[in-house]
Amino acid sequence: MAGVWQHPFVNVFKHLRLEEWKKSSKEGDVTSVMDKTLKCTVYRIRGSIPAGNYIQLPKTSSQSLGLTGRYLYILFKPLPGKHFVVHIDVSAEDGQTVRISFSNLFKEFKSTATWLQFPFVCGAIKGSVYDSTAQGARQGMVGPAPSGSRWTCLLLDVQYILSLYLSRRYSHLRSAKLCSNLLVRNLMTSDLLFNPEVNFMEARHAKTLPDGISPMPREMSFPVPKGEKWHDLYDFIMFPSDSSKLPYDSIQKGQSMVTAPGAPMSRSPARERPRSVTISKPVQDRVSLIQQITTPRPMPHRSLLRVESVPERPVSVSARAEEARDLEDRSRGVEQDGGVHVYAHKTNKLSIHRHKSDSEQVICTKVDRPETLSVPPECKKLLPDPIFNLRRIIGFGGCTECFALWTHTGCSVVYPCHAIIVVLEVKTGEQRFLLGHTDKVSALAFNGSCTLLASAQTGSLSMVRLWHFQKGSCLAMFKTHVHSVSYLSFSHSGTVLCGVGKDGHGKTMVVVWNTSQASRSGEVAVLAKAHTDIDIQTMKIAFFDDTRMVSCGKDNVRLWRVRGGTLRSCPVNLGEYHMLEFSDLAFEAGHRPEKEAEDRTLYVSSRSGHILEIDYKNVVLRNVRRVQPGQQQHSERRDKQTFSSGPGIAINSLSVSATFCATGTEDGYLRLWPLDFSGVFLEAEHEGPVSCVAISPEGLRVLSCTSSGELGVLDVPSRGYNTLMRSHTDTLLSFSCHPTHPQLVTVSSDNTIRIWDTGTLQQLYDFTAEEETPCAVTFHPVRQAFACGFSSGTIRFFDITATALQAEHKQHRGAITGLLFSPDGSLMYSCCSLGSVALYSIGHKEQHVLRVLGNVVCKDSERGPMALSLSSDGRLLAFVGPTEYTVTVMDARSLDELLRVDVSILDLDSTTLDCALGLAFSPLKPHHLLVSTSGNKILWLDPKTGRLTREVTQVHKQCCSSLAVSMDTRYMLTAGDRLLKVWDQRQPGTVRPQVFIGHSEAVQQVDFSPDQQSVISAGDAVFIWDFLAAPDPEFTKTDCVPALPFALHSSAALDPSSEHRRDSTFISSGMPRGTAPRPCISSPPRLDISPVQGMDHPDLFSESDDGQEEEGNRDEQERTLVPDTRDNLVESDEQSSVVIIECQPNRAKLLTGSKSNSSSLREGMVKSTHEPPRPDSYTHFHTRFKASCLAKGMCHPPEGQEMLTLRALIGYNGNGRANMAWNPDTGFFSYTCGCVIVVEDLHSGSQRHWLGHPEEISTLALTNDALVLASASGSGDGSSLCQIRIWDTQDGSCMKILTHHRTEVQAMSYSRDDRLFVSIGDYRDGNLALWSTKGYELLATSRLFQPVHAVTFNPAHFDDFASAGPGAVSFWRIETQGTDTQIKVYRVAVPEEVGTAAELTSITYNSTSLLYSGCSTGQVCVWDCQTHRCFLTWEADQGEIGILLCRGNRLLTGSNTRRIRLWCVAAVQELREKGSGASSTSVLMEHEMTLDGAIVSATFDDALEMGIVGTTAGTLWYINWVENTSIRLISGHRNKVMDLAVAHGESHCATCGEDGSLRIWSLQSCELLLQFQVLNQSCLCLAWSPQPKSGPSTEDQRIAAGYSDGTIRIFSVSKTEMEMKIHPHPCAVTSIAYSTSGDVLLTGGKDGQMAITSPRTGMTIRVLSDHKGSPITTIECTGRKLTGLPTDGELWLAASTDRRVSIWASDWSKDKCELLDWLSFPAPTSQKDLDVSVPTLAAFCPWQPGTVVYSGFGVEKEILFYSLIQKQVLLRIPLSHFATSLTLSPAASLIAVGSNERLLRLIDTSAGTKQDFAAYDDGVHLCRVSPSGNLLLTASYNQVLVWDIQNS
């Protein structure tokens, strides 16, 4: 509000009272004069020295004007024939002061981090010689003001200037300094755009002005005589301007502000490039540095895309949609689309301001330039922002392959990839990016310490950027004065930079810059520059002298020196070698104290194979050598490579270290020579010519680049070669992702097909077509194969695993423009540029053509490679054709035409015909067809009727080259103009798209990855972006994605007989299926020809034979009708606010009768077939999704003969609500964990466990005397009602089981006298039940028409209780007459100040019948229960309040912001009498604590001084307000427990979880002792180090853990720290084990690779790939040696998901590891038995040495005992269910087996007995027996149960 006084404008001279000179100052010749033109007093400033004649506003530089207006208006007139200077100092939001100066003294634009200097072009009288000259010239007009200079109104958009040129946010105007020579009338700041042509009088008569334009205030306007025009007398300049006289970086006169009545003002007009350079249309539209390079076109334009920031540490490229605090919205008129501005910014993200809307209205104007329309301010931004994050780039080079640099540590290499600079870590392959260049990077250079990096981009407007390399920030950017920079060289100190390039006439130019101030102020000055006729290939600054340089090129080697601002050179006398073409040079490395710094050898290489040694000090040619002839290469001659005098091999690059020299030659060899060049001691052959070599700083590795796009490192000591990056050498045309493997296939104009590993970016395979270009490619959805279409019309089918051509089809004659597989892979579709389309049958052994149609597809090769589109169900095929104006939809099974749509006539208002360019089906039904058109539109067509359902306009400036839709159809991707855009399709027209840059060429294709976690775009390179949008919960909940094809799960993919069973079911996205899969109907859909749209007439339905679609439509209709149905149910009882529900005694007996009566009652219940909408409240209980189910039968142990007893349970269910009970008087304390109630003694820590619930317990209720506990859970199967169990707290017996609610119980409460008990069902159940605690008979029920979140009894009136729900509180009254019970309810809405959308989520009474209710908005309402009115509200939190407790004059609140607060509410009773006039200031907060999760349960003593609080993090806290302390009582995992292990000595155990935590617990107290947390990773497996031979010692105990990023971390328990981090795997580590000696770690990965690693050194000793392709599930070692085996050593085994077990014998001290045996187990052939959740389990049998115990997914449910000695199965133990976990006791012949049916089975193999134990609400996925065999630990999701084994 501080800036309100500045609205609408501030007259600065009047504000400072300039005439008094008290708040301002003047210096020199400053006088006030009367101006005849303006007829008012103005100030004249004149003098030959501007710095000595000026007006300063305010008086001193330490003061600030503090004016926040966006626009600065300066009314001035330059004095004829003179120069003037104006300085404007502004402050940015980060506190940085920036000076903006403009003057006709400046010759060119200059920019530093703190100073912008703009040349000013003075206007002249119309028709004068100056005006004529200005119109004809394009540059050189900066200079003294002409004699006819006029009064000028200069409008500076300070906010935009600061944002555009320096990427800073404008804060306020600090000062202004007006220097001679000029006349100035005034300065004004405002947030409004004023039109100087119009004054208030004219505006009042005109009544209307263009949107966003205001008339000039009276005191600022210029007088205009009658009959004259304002622009004939004065100049109006708006900067940034729309002028075309000079380049963008000068201030000059442009067009008038308003070009036509009613036409809005252009905000940021287009700018043209100098016309001396001819450029193509794509180049014109490039995203330019500080520059929009677009030319006006007579067509509507969209809003300006403005880049807000370029990352200084470029980890991601993002499109941030911030409104930028008035940058886009406040008082802004309209914007002309001029492209995207890119510039340096000190942030970590690249942000772009996007469209204000998806579509814009078209307005006809009378001007000859495009007009941009205003955008609605209500447009929202797309969230998350940014939605993309650039993660990886596959590519190298682009403009040049001659630059790749080492960092000074040798850990990373830096190389260009088109317009992006990539920093690649050699060991890990991780990439980070330096972003900012808008064209291809042509040169790179480091200073000596690698702290500064210089980079140049190609093009006629070449730019050089200086980077702070560690931060990734751009320190400076500047023009190079050359057409294109070809080479850069930094001095060792980093203070001098040299560049070589060509000027506009093609002449070589050398420029030397002073960069010493770049790090401080960002200023770079030209030291010297020179033109020369000689050719320069390489130029380097001598590392020992910043003023000396050496260059080489064709016919010359020259020495250069900078002295006195001039650059001079002299040639080296080369004698007979002066005609050679020299390619590279290098100085002798190292420094010898006895020699001068310049006394060293200069090595120069040539294209003829010569290497010259030049004495640099004496400028003398010392020696000449030559590489051996090309025909005597290493492949043909094995003798030593030497120099000779014969014809040589062209040397492209040279690098010299202190001990050897490296050369890269045209024959593809990297050769290493000693410095005497006696012979090659190491060489590496490449696929193409080596273009660059660089020796690492330590001299042990050599970096090499090839012109074929390969970047690699040669390790000299080990003679190993590591390929870092491969790349296509031409434009990418198409790509395809494999649905199930992390593989990407790409095709390019370089005639190659390449397959990449998307995890490591390594090239796996490549195929080369010599005489034809691959045009389109697609992966087979099931097999490891792909199809590729070529320019000749041939389609080839490649088998990847066999790396062979499997089939070839030659049905087409034109280039292939479209190629697709059906979702099940049984069919293939193709089309070509000559108009034909073909359908193929794809079998495992044979492929044949089913049908070919000619002249049906549009004959245009430009539509490839995405000319075809197939619906996700495989039923509809669409393409553009037979003309470019039509789109055809066919039956994908038969190619029968179903529909043809003419897209050219859909827009009736358009004067041009629209052509269809590309298309795509939306994945979800009704499978809308998206069509991109030449009119920059995306059309959404109904695939049945062809009707236009939606339209998105102004998608891109040029054509949309590719589009894709996410699996949930919420997001749409489009590519065009080198940009990517992301659109939210759920709210079209109201959410701005996000825009992403980075590509330097047109984007050929963009698509989502199969798992929807990434987006891939291809053009100049392959960009892999992280897609950060959260999955749509509605999409994951509904069955929108059918099941995975059977062939993906097992060997059925190889079975030809299974082909006929396949359908076109789409491949799963990896998200869990919400409902059971429906059968897929293979018959084609009938075309609905009804002209009526279903959405317009919901009572009309079209016929469909697709049951799934029909059911899906019915789901949507019934979901919307559920609230109305519930309303009718309630309204039918009584049409008033009081509902009376009567309940007869016999009805109560019926409800509490036998189970058969309950079932018969259940059949008669009125229930909706579809669930109501889920409440948007964390307070409401939602049971966790479980894929497991309850077992049908159990083997219960005989009483007293149980082999297991439950000792302890680790964890608390943070998913429950009010599921903890504590009575401070009796000390009774209980909580729930899964389906178990834990009763714990707070003094001793001992636990009792009450079992019986079949499902997760949702809530608890304790009577006031703490003698009875009620608990509620689901039923466990859909056929029965959920359970409410009544427990006796004294002996733990279950007294009663109540069944009434259908789904879950949300809340329960006992009355104050414990006589009544009320239970509330969840949102699906919608029932309230009132029970009598005497026998627990049902007294009354009520149907609730809205969900209820909380219920509680009034302590003052035993017959009253209240409930809270959405928007209202309900007061209930119980009335009893004899045996009849009635309940009445009065429902009161929340006050208006709380909001109608607020939900009441918690309630509590005080002792005087005041009811406190907490809201989802964080407010607390206080209600008078007698009058049923709310008399007080206050904001108690920023989040939803889920817990309320009131004791006396204190109130406790707990919310989902993780905070609990204690309030003093003593004054509330007094405020009760004041009614609505009560003030919330009388409520005071006394204490506040922040815990580790949202608050879900709380119980306190009567004084609210101490209590226990439960959170969603699975923690129970002891809270003491008096001492202000919180102590963790109970801890547990919030997410799934991934692994557990017991330490030697059995005093501790360790668990790890999905959240990346590794926790160590005490097995005595079950307390959490230690926790190691790794962010953003999952900890998947762990292992304790083995017990040392000296005996147990806690000091030596370590834990090794494997993580999802492929790393292993070793933690010391005693030191409580991480000792080592190892990265042996490229993907997740799924299994880990120590060898029995502890010398090595054995780990298995998700890719099936196994690594043997030393835990002492961290080195990976060996990698085993025998299980490659199937994740490792088990690794186990045994120290027992067997006499019957052929080999000695330690035995260990590994099992993988493909039902294979390998057994190994190893002697690690001898580096010996041999495969001993290989076991493979069959799987069922029936598809209905397929269960991919069953793991492969294997273990060594402790009591039978040499025996392996196996269980897995097989033909039978069983455990197998396999003898390694006898090579046969010894024993089979049948199981009732497949095992999901398995462990064997080392002390007895016991096997513990967990299953997905929530059972733990203990099998005594010696006695042949088995016992089942049920204490789980989910599958038992982990079982571990302690080393002594006394304890058994099991895990079910996040619960850990500790059992005692009765070995007797």
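From the backbone N, Cα and C atoms, a Cβ is placed for every residue, glycine too.
Swiss-Prot assigns the feature region 'Disordered' to residues 316-336, out of the candidate ranges 316-336, 358-378, 1576-1596.
For the repeat 'WD 8' (811-850), the DSSP counts in helix, strand and coil order read 0 helix, 22 strand, 18 coil. Here the repeat 'WD 13' (1343-1382) is broken down by DSSP into helix, strand and coil counts: 0 helix, 25 strand, 15 coil. Annotation: stretch 998-1035 has the most Cβ pairs under 8 Å to the repeat 'WD 1' (436-479), among 955-993, 998-1035, 1670-1714.
The list of residues near the repeat 'WD 19' (1670-1714) in space but at least 6 beyond its ends in sequence, with Cβ under 8 angstroms from a Cβ of it, reads 1630-1637, 1639-1640, 1642-1648, 1650, 1652, 1661-1662, 1664, 1720-1723, 1735-1740, 1745-1746, 1748, 1750, 1752-1754, 1764-1765. Helix, strand and coil counts under DSSP for the repeat 'WD 7' (769-808) come to 0 helix, 22 strand, 18 coil.
Counting residues per DSSP class in helix, strand and coil order gives 0 helix, 19 strand, 21 coil for the repeat 'WD 18' (1624-1663).
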